[in-house]
Amino acid sequence: MSFLHSPSKANPGTTASTAGESFDHDLDTKKAAALNEITTPVDTVDSISGAESAFAGRPAEKMTWSSSLKNWLSFVKNKHFWIILIHGQILSFCITGTNIFSSYLAKSGNSIPAFQSLFVYVILNIVFTSYTLYKIGFKNWAWLCIKDGWKFFLLAFVDVQGNYFVVKGYAYTNLLSAQILGMWSIPVVLFLSFFFLKVRYKWTQLLGVVVCLGGLALVIASDLLTHKGYAAPNVGKGDAFIIIGATCYGFSNTFEEFFVSQRPMYEVIGQLGFWATFINGVQTAIFERNSMKNAEWSGAVGGYIAGFTVLMLIIYTTTPILFRMSSAAFYNMSILTANFWGLIIGIRVFGYYVYWLYPIGFTLSLVGIIIYYLLPGTLEREINKPWVKDGEEFDGVGLHKHSHARAQDAENQASSFA
């Protein structure tokens, strides 16, 4: 190499020594240059950051806050959020319809809560159990009933009782009490999800629930101010029925969310319909035999039952998708707006008028839903069910395979903003 060559007149020993020193010096120079190439950008960044901190001051803080706000509201740009928001309101509207048809049946002298739900369970059983048999065969279906039948029996039992006691409660208590006590299903879902499904809620989620309940409180206050309390034959009995029914709904929603996150939806709905048909059938035969004899049957009554059945089928076949895409807690928050939709229908059907607290209450419920997902990573955590272990992920409608590593990343991201 050229830097080892020395003048021809030099002493050979000196030449060798000089060449060696030259080599070492060059090597050190190259090392230093290499280190400078690595460290210089970092130093430059540090100096720039220092300069910004020194001269920018408050603008730098504003830029950080703006960035944080964008992260907090990032879920609004996610179409997944808008899908579950609209889906929740469609279900809320359907529940409003079932309440109206139940009211018509009660006014016509036909208080038959178990019987009017029987057709729903029978149809679910026929459609989804048949499809399950087609998909997995009779042997596997029979083994499913033997192995896990007791779990689905419990799901069906609490679901049947929820429908029965809530409808029964409306016949004894007044509307205001029913609305207030119906909110009890939300804390039941939160309690069960926290202790049994290991769901951990962030402060924004709990605040969102409180705001939603505040929205319903305004609706109830509106009814109170406009004297819509309505007479009640036995408030104590009716209130007890509503509390029992709301508790059963909380159990039913939580159980169903657990099942549909790990099993095919047709299998879960089929098992629910299968066991509920027997439970509800026996209950109808025992408790509503006399009511059935004294019922006043007409074309109008048949239409009310048909309308109730259609809306309930929509609820039962699409709610599991919402459970997969969000949670049982979100579902119960969404249906708090049912009273507002009831007013909108009532304006046309019953001649109701809109009191100014109603729109505010409805808006507050929607704001509560937005607050529920405000903290970054909340939407992702609801999709990534914490009780689904690695290797147990299941693909299905409204449910995507996920990794717990990605869920943990979302958790860490959310913690940084908490």
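Glycine is treated like the rest: Cβ placed from N, Cα and C.
Taken verbatim from TrEMBL:
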| type | residues | note |
| --- | --- | --- |
| REGION | 1-22 | region 'Disordered' |
| COMPBIAS | 8-20 | compositional bias 'Polar residues' |
| TRANSMEM | 81-106 | transmembrane segment |
| TRANSMEM | 118-137 | transmembrane segment |
| TRANSMEM | 149-166 | transmembrane segment |
| TRANSMEM | 178-197 | transmembrane segment |
| TRANSMEM | 206-225 | transmembrane segment |
| TRANSMEM | 297-316 | transmembrane segment |
| TRANSMEM | 328-350 | transmembrane segment |
| TRANSMEM | 356-375 | transmembrane segment |
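Residues 113-114, 117, 121, 182, 241-242, 244-246, 248-249, 251-252, 255-256, 259, 268, 271-276, 279-280, 283 of the same chain lie 6 or more positions beyond the ends of the transmembrane segment (149-166) yet place their CB under 8 Å from a CB of it.
Here the transmembrane segment (206-225) sits against the transmembrane segment (356-375); at least 3 CB pairs are under 8 Å, leaving out pairs fewer than 6 apart in sequence. Counted over residue pairs separated by six or more positions, the transmembrane segment (178-197) shares fewer than 3 Cβ pairs under 8 angstroms with the transmembrane segment (81-106), which leaves the two as not touching. Stretch with the most C-beta contacts under 8 angstroms to the transmembrane segment (297-316), considering only 81-106, 118-137, 356-375: 81-106. Long-range contacts of the transmembrane segment (356-375) within the same chain, counting only residues at least 6 positions beyond its ends with a Cβ under 8 Å from a Cβ of the stretch, are 72-73, 75-76, 81, 85, 88, 202-205, 207-219, 221-222, 225, 330, 333-334, 336-337, 339-340, 343, 414, 417-418.
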